Amino acid sequence: MELSSVSSFSLGTNPFISIPHNNNNNLKVSSYCCKSKSRVINSTNSKHCSPNNNNNNNTSNKTTHLLGLYGQSRCLLKPLSIFSCKDQRGNSIRASAQIEDRPPESGNLSALTNVKDFVSVCWEYVRPYTAKGVIICSSCLFGRELLENPNLFSWPLIFRALLGMLAILGSCFYTAGINQIFDMDIDRINKPDLPLVSGRISVESAWLLTLSPAIIGFILILKLNSGPLLTSLYCLAILSGTIYSVPPFRWKKNPITAFLCILMIHAGLNFSVYYASRAALGLAFVWSPSFSFITAFITFMTLTLASSKDLSDINGDRKFGVETFATKLGAKNITLLGTGLLLLNYVAAISTAIIWPKAFKSNIMLLSHAILAFSLFFQARELDRTNYTPEACKSFYEFIWILFSAEYVVYLFI
């Protein structure tokens with residue numbers, strides 16, 4: 001018998017398939033391809049099948065049957081289900097073994113994980129790069145006074161210094177938090193991954209994380225008997241952070257007033273830590289050459305920080321009418337301007353070491369500022385290669401903060 005059939009069917013339709021009417025004939029089907037329900041399966045088989053004792057050219061009658069879903073399941077799904085069930089059974093056994101081998105998670109471990117996640121989100125909320133800069137700044141200013149007066153060291157003094165640094169961090173956390181609360185619409189465009197706009201913390205939690213550090217810092221200032229000057233400087237830092245972000249002031253909307261706010265915050269931080277350090281050691285306030293240098297350097301460096309902070313925020317600032325140096329001049333021009341100002345600052349530091357070799361340790365001044373200047377140059381060139389993408393601009397601004405911290409480390413040894 002000669003059987004020639006062309007079958008086209010899928011698991012999602014009712015196919016026509018040609019089969020012989022005589023069930024006594026031995027049929028050999030060459031191949032068929034069974035894939036997913038969304039694909040049409042075509043199989044073309046052409047074979048010559050003859051009985052052993054019959055060599056005539058007569059062919060059997062061919063009957064076309066309509067096979068429905070039940071017929072399909074018998075023809076196609078049953079062979080597949082054998083292998084599928086076998087695989088599923090093997091997978092189930094392996095999965096069960098893995099579950100049995102896995103140690104049960106204790107309640108203490110789960111609670112510890114939740115606490116770690118919460119602390120991580122809070123740390124991200126307060127802008128880690130600014131917090132690190134404040135910690136290094138405070139530590140180095142106080143450490144320099146201890147290096148010059150090692151005989152005045154005492155552990156109670158270190159404890160008071162740590163409490164004072166916590167108070168300063170309170171104002172820092174407030175400034176970072178209040179800015180995020182009132183910039184939510186802008187940050188949805190500029191920084192959608194921030195904890196507040198991404199929904200990882202609620203607005204209520206954000207207010208708690210913003211106001212609590214400011215209040216705790218103020219209480220610490222009072223408990224340390226810091227005096228009216230340091231208390232006023234702390235309040236000035238809180239006021240500067242408020243008028244920078246909160247309507248109707250929003251000094252951040254103007255590049256000049258924004259720079260003034262940032263200058264007040266950094267100058268106040270620099271002066272207050274130095275003044276408090278000498279007062280705690282029982283020393284009178286003096287404008288030493290090293291402190292005069294770091295004050296002048298950080299003041300000019302604030303220009304670079306103020307101009308570079310909005311490089312990654314151009315799109316959102318333009319949409320909401322916030323005028324910055326970056327929106328006015330563009331990311332490339334601001335980068336060139338800020339880099340140029342900071343490079344001039346480094347040149348001035350090197351020149352200072354050459355002109356007044358007795359007032360400073362010239363070798364350290366020359367080498368350290370040369371290294372920092374070259375690192376700034378290469379970082380600016382790398383930013384230019386990326387065509388000033390928001391991510392690259394953000395990294396560049398954070399690198400400026402690294403240079404900010406590095407300058408205080410240099411201050412320890414000059």
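Placement of Cβ uses the backbone N, Cα and C atoms for every residue, glycine included.
What Swiss-Prot records for 1-86 is transit peptide, and it gives sequence analysis as the kind of evidence. According to Swiss-Prot, the feature transmembrane segment maps to 153-173, 201-221, 229-249, 256-276, 281-301, 336-356, 359-379, 394-414, an assignment based on sequence analysis.
Outside the transmembrane segment (201-221), and at least 6 residues removed from its termini, the chain residues within Cβ reach (under 8 Å) are 121-122, 125-126, 163-164, 166-171, 173-174, 177-178, 180-181, 195, 230-231, 234-235, 238. By the Cβ criterion (distance under 8 Å, sequence gap of 6 or more), the transmembrane segment (256-276) is counted as touching the transmembrane segment (153-173), at least 3 such pairs being found. Beyond the ends of the transmembrane segment (336-356), by six or more residues, the same chain brings 289, 293, 297, 300-301, 303-304, 307-308, 325, 329, 362, 365-366, 369-370, 372-373, 376-377, 380, 400, 403 to within a C-beta distance below 8 angstroms of the stretch.
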